[in-house]
Structure formats: C-alpha cells, structure tokens
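Quick notes on the structure that follows.
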Amino acid sequence: MESIVSDVAVGMKRGSDDLNLYSTSPNSVTANGNDSSKKLRVEDRMESPPSRVLHIRKLPSEVSETEVIALGLPFGKVTNILMLKGKNQAFLELGTEEAAVTMVNYYTAVMPQVRNVPVFIQFSNHKELKTDSTLNQRAQAVLQAVSAVQDGGSPNSDNSTLDSVLAHAPSPVLRIIIDNMFYPVTLDVLQQIFSKFGTVMKIITFTKNNQFQALLQFSEPVNAQQARLSLDGQNIYNSCCTLRIDFSKLVNLNVKYNNDKSRDYTRPELPAGDGQPAVDPAMAAAYNKDSSLLGTPSGMGAPYSNGGGFQSSLSQGGGAINPMSAAAAAAAAAGRMALSGHSGCSGVLLVSNLNEEMVTPQSLFTLFGVYGDAQRVKILYNKKDSALIQMSDGNQAQLAMSHLNGQKMYGKIIRVTLSKHQAVQLPREGLDDQGLTKDFTNSPLHRFKKPGSKNFQNIFPPSATLHLSNVPEDVTEEDLRLLFSNAGGIVKAFKFFQGHKMALLQMSTVEEAIQALMDLHNYDMGSNHHLKVSFSKSTI
C-alpha cells in the first residue's frame with residue numbers, strides 16, 4: 001500500500017476569529033498561527049474555478065474532524081484538512097480535481113448537512129492546502145486512520161503519531177450508543193459497518209435508558225481504536241441513527257446465544273435461546289429478496305427522505321417512516337453517504353448534451369449500470385442528443401445523477417437530471433424506432449441483482465483508474481494495455497493483483513476511462529471469460 005504518511009497532513013487551529021493564512025504562492029494556502037500577512041477571506045463559489053481544495057462554511061461549532069472528512073470520503077481520497085473552529089469553517093483537500101468537481105456537483109443538487117445543520121461547500125481559490133501538521137496530532141491521526149481504511153489497508157506502522165494514538169486503545173470492546181434512532185439498527189448492520197476495520201468477534205445489543213446500545217468486540221484493540229476514530233459521530237442513515245462510540249470497561253464479552261440480539265461469530269454452534277429467532281425475519285427478507293441497490297426489505301416501504309439529509313414534508317406530515325434494507329444501510333455507511341432519494345421519485349433520468357453521433361442505448365446502459373440496474377434506455381427520436389434512462393428505483397437514479405452529472409462522455413459534458421416521466425415507454429409493436437429504445441430488464445449484466453453482492457460496497461465516482469476483474473490467466477499486461485489503448489486513449493499505468501485475476505489500469509483522463517468502461521465492460525476475452533470493468537478509488 002502506498003505510504004499514507006507522505007501524502008496526508010493535517011493542521012488545526014481552534015477558537016480564534018483572527019487566524020491568519022499566508023500564501024507561499026498564488027496556488028497554495030498555508031496555515032500557521034505565527035504569521036499575519038493575509039487574512040482568510042470568504043470565497044465565492046461562482047467565481048472560483050474548479051480546485052481540489054474545497055471551502056466549507058456554516059459548520060456547527062461542535063463539529064469533529066471526522067465529520068468534515070466524511071463529507072469528502074464518498075468522492076475519493078481526502079488528502080488534507082484545515083479546521084477553522086472559531087470561524088465555523090474548514091478547508092478540505094481531495095486527491096484529484098475530478099473528485100472535488102464530483103463532490104461539488106453532488107452537493108449543489110443535494111444540500112449537505114452536518115449534525116442536522118445545512119453547510120455550504122464551494123471551490124477554494126487555492127489549488128493546494130499546506131498545513132502545519134504539528135498543530136493538531138489527533139486530527140492528523142484521524143485522517144490517516146480513515147485514509148488507511150479507505151485504501152483497504154492498515155495505518156502505516158512507521159508513523160509514530162498515529163501509533164501513539166492507536167496504542168492507547170484500552171480494550172478490543174466498544175460501547176456503541178445510537179442517538180436519534182428513527183430507523184431500526186440491527187446486529188447484522190453493525191457487523192457489516194464495523195467489520196471494515198477488522199475482525200468482529202462478538203456483538204451484544206440491548207436497550208438501556210430508552211436508548212439502543214451495543215457492545216462489540218474486535219479481535220485486536222487497535223481495530224477498535226480505528227473504528228472509533230473513523231465512525232464516532234457518523235450517521236448510519238440519512239440524518240439519523242448517529243453512532244456514539246467509546247471504549248467499554250470490559251475486555252471480553254460472554255455471549256450465550258446466537259440470535260438477533262447477540263452473536264458470537266467464533267462459535268456458530270451456540271443455541272438461539274428460548275423464544276428467540278436465530279435470524280431476524282426482516283433481515284432474512286432483505287437478503288433473500290432479489291432487491292435493487294437501495295431496495296427495501298420485503299413488506300417495507302422506502303424511507304421518506306430527500307437526498308440532502310432533511311426529512312421531507314411527507315415524514316413531517318405524519319407519513320410512516322420505514323427502514324432501508326440492511327444491505328443498503330451497510331453500503332451507505334461504508335461509503336459515508338446518505339443514498340436515499342425522494343420517496344415518490346420514479347427512477348427515470350433525463351440525460352442531455354449527448355454526442356448524438358456516438359451514443360447508443362448500450363453505451364448508456366453500461367455507464368449508468370455502474371450505479372444501479374438500468375431497465376430501459378430511450379434516445380429521443382426528435383432530439384438525439386438527449387435520452388431517458390429508467391433505473392430500478394429512485395435511489396439508484398439519485399446515485400447515478402450525483403456521480404455522472406457534469407462528466408465528459410464522447411467529448412461532451414453531459415447533464416443528468418430527474419425526469420418527470422414515471423417510466424420509459426417501449427415503442428408500439430411493429431414500429432421501427434431505429435433501435436433508439438432498448439429494454440434491458442432481463443439483461444444478465446445487471447451488477448446489483450444479487451443480494452449481498454460486493455458490488456454494493458464498491459461504488460465510486462468516475463476516475464481515470466479502472467478496476468478489472470475476471471481476467472484469464474493467459475492474458476498478459478501487454479494484451480490489456482493494447483486492448484484499452486485501442487479503445488481510444490493512453491494507458492499510463494498498470495498493476496496486477498490478487499494473483500492474476502484482477503488488475504488496476506490507469507488511463508490519462510477520466511473521459512478516456514469512461515469510454516473504455518463503456519466499450520470493454522463484459523468484453524469477451526475467450527475461454528468463457530468476460531472482462532468486468534468498474535471505476536476504482538485507488539491510484540497506481
């Protein structure tokens with residue numbers, strides 16, 4: 001894994017409205033309380049060109065570093081943060097400008113919220129954020145721990161600052177309290193969320209002082225510390241079910257029964273206990289149902305919430321609030337983004353400014369299929385630079401819109417909005433519409449039909465780096481470089497992993513990667529191997 005220490009630095013200054021920033025160049029900003037040559041000024045998003053540094057305003061005074069970092073995590077690697085607590089502001093630096101553009105696009109359509117308070121995000125005038133990493137060691141450790149988990153690894157063992165924080169983990173057992181619990185939180189949801197940080201061995205759930213609580217035991221104290229640093233203060237669901245995490249005084253849990261209240265994952269032979277179901281019925285329904293990306297368990301409705309974290313008028317007016325599926329909750333928590341859409345949303349998207357000479361229903365199906373199961377695609381007969389795409393549900397439509405609006409496809413920046421149409425109509429039988437409408441309902445290429453699929457937790461914004469899987473053993477690096485070069489573009493880097501079954505391949509631009517994905521996902525490599533292509537959060 002690439003060194004985390006080398007590319008992550010955090011600075012923090014608390015409590016002073018007179019914090020000064022000075023710039024060593026027009027394109028960098030440096031924070032240091034000892035120099036007062038330039039005042040921080042509020043920047044205007046409309047005038048600032050795109051930058052990987054974002055300016056966040058109107059933060060609540062009690063906000064934590066973790067909560068600010070969480071705003072950027074769904075869009076890519078967060079490489080730096082500067083908290084201005086006295087001004088209720090922060091600067092957040094992402095790894096690439098493309099990730100920052102995607103983040104601003106998303107939060108332009110969906111109001112971001114921290115602790116139920118709307119915040120404002122805009123591009124900074126600065127291209128780089130340089131901070132004094134000695135200003136706040138805990139903030140640095142938080143970002144490095146989160147970055148390490150996001151990279152799929154462990155924190156760098158050479159980092160003494162992070163080691164000192166992690167070494168003070170007193171116990172492998174965490175005490176978890178769920179605040180603002182609008183939706184049920186199950187044992188299985190907790191296991192999926194926390195297992196990202198290490199091996200979860202045991203969980204006990206209970207209610208105390210009218211609050212849902214849990215004790216969760218990791219195999220190692222260091223994993224418990226990583227989970228606490230990264231998840232404390234996070235919402236499992238949109239605007240609710242907030243995790244409050246601390247260490248338990250216990251160092252080992254004694255679990256007697258495996259049921260929907262307690263679980264010992266090291267002892268599957270334990271009995272369920274008198275009158276206790278071995279598996280929660282709603283959970284079983286969620287996992288056994290052939291559900292969509294953010295579908296709901298059988299017999300349950302979708303949550304009434306808009307994408308921005310505010311309860312909609314439906315729920316405020318007394319409409320029933322029902323839980324999301326466990327798979328959806330785990331995916332949302334792992335991605336740090338609330339992925340619910342308007343309850344009444346039809347799931348149909350209008351895509352405009354397409355390159356009408358190049359676009360096909362198949363290419364749109366493949367691209368939008370990265371973010372949900374596209375059911376039908378119609379390129380408009382009288383306006384061939386526009387298309388309607390029907391996703392499985394409104395949540396998938398919201399997800400695709402947030403990631404693809406403003407991306408470049410076949411040389412043109414596409415616009416993606418929600419359509420007023422409830423469904424995409426197929427042409428009347430016998431009517432030739434020149435192949436502009438395609439029904440993909442029964443396509444074998446849907447990524448999210450299988451409950452529990454790993455695809456649920458591997459949804460990332462378009463990036464120049466592609467993840468390849470299902471690679472035949474006899475295919476070489478040169479074969480894949482040539483294949484992707486012929487798709488149009490330049491292959492800048494390549495790396496096999498997982499033996500020879502998977503690879504990372506980096507194109508020179510995000511646009512080239514988008515085109516390569518549309519052209520080569522499901523490409524027949526021979527020997528019944530069809531190449532699987534998706535966007536990666538990693539770099540080579």
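Keep in mind that glycine also has a Cβ here, set from the backbone N, Cα and C atoms.
Pulled from TrEMBL:
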- 21-35: compositional bias 'Polar residues' (COMPBIAS)
- 21-47: region 'Disordered' (REGION)
- 36-47: compositional bias 'Basic and acidic residues' (COMPBIAS)
- 52-136: domain 'RRM' (DOMAIN)
- 174-250: domain 'RRM' (DOMAIN)
- 347-421: domain 'RRM' (DOMAIN)
- 464-538: domain 'RRM' (DOMAIN)
Arithmetic mean of per-residue pLDDT over the domain 'RRM' (52-136): 84
DSSP helix/strand/coil residue counts for the domain 'RRM' (464-538): 21 helix, 24 strand, 30 coil
Number of helical, extended and coil residues in the domain 'RRM' (52-136), per DSSP: 27 helix, 30 strand, 28 coil
